[in-house]
Ligand SMILES: CSC[C@H]1O[C@H](OP(=O)(O)O)[C@H](O)[C@@H]1O
Ligand SMILES: Nc1ncnc2[nH]cnc12
């Protein structure tokens with residue numbers, strides 16, 4: 001049986017599928033951010049959910065990440081592609097480029113980041129939080145599409161919803177981190193707890209305030225505009241990545257719950 005690919009649409013991505021069927025779903029963890037849309041892309045079954053809700057009514061710290069992942073998993077998805085708008089911390093990581101993040105640093109606080117709150121306790125490994133096989137395929141896809149992309153990247157995940165101070169931004173840059181997100185944690189760790197293969201596709205929407213001494217402060221409006229202007233590229237990349245996901249993965253993501 002062909003795999004169902006789950007997609008979590010981040011800022012600027014509120015629809016993905018033409019002629020989708022909408023499902024109002026509930027989970028043991030409460031309601032997900034939106035209805036779940038199902039349909040096909042390139043003959044592959046896809047389940048799509050918006051991270052912030054269809055009208056972007058949920059701030060990063062109020063998102064029910066557990067419900068979103070659970071709903072996709074419950075629909076049959078064992079692979080999830082997460083799309084993100086990210087700020088760049090480096091002059092050579094430019095707005096308008098994709099980054100296939102391979103690591104994250106968690107600077108969030110107070111978010112529920114596990115399905116296992118007892119009596120069952122598990123400790124999954126997130127040493128390599130994103131699926132290596134999906135990332136390798138994504139690199140091939142980006143090359144084939146002729147896209148501007150970075151094959152690796154460390155995202156520092158801030159609590160938001162505010163942007164960083166210049167001092168924070170310079171500090172993150174000095175640490176050698178590449179991009180800023182507000183949502184890659186706990187989403188990625190929760191996908192691992194469900195033993196799902198997870199690929200993050202980040203699109204750089206801005207240069208953060210500390211990248212250069214004269215950098216302009218980030219404005220949310222600029223992020224929305226950049227994401228809207230590049231909808232076509234982002235959707236095309238996601239469609240190609242969905243089609244490229246392996247039916248039978250050879251990675252170890254699906255073993256995440258053995259030996260925990
Ligand atoms: C207006 S930028 C802030 C918003 O955009 C990003 O969203 P997502 O990660 O869902 O693509 C960022 O993390 C913030 O939530
Ligand atoms: N500069 C930034 N900081 C944090 N999250 C972001 N998402 C998009 N741009 C961002």
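All positions are counted from 1 along the displayed chain.
Cβ from N, Cα, C; glycine included.
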11, 51, 52, 84, 85 bind phosphate per TrEMBL; candidate in 183, 188, 212, 250 listed for that same site: 183
Rounded to the nearest Å - Cα separation of residue 11 (phosphate binding site) and residue 164 (site 'Important for substrate specificity'): 18
Listed recorded positions among 51, 52, 84, 85, 164, 183 whose Cα sits within 10 Å of residue 206 (substrate binding site): 85
Cβ-Cβ neighbours of residue 51 (phosphate binding site) (radius 10 Å): 24
Listed binding-site residues with Cβ under 6 Å from ligand 2, out of 11, 182, 206: 182, 206
Long-range Cβ environment of residue 84 (phosphate binding site), under 8 Å and at least 6 residues apart: 10, 11, 101, 155, 181, 183, 184, 200, 201, 202, 203
By Cα-Cα distance, the member of recorded positions 164, 182, 207, 208, 220 nearest residue 51 (phosphate binding site): 182
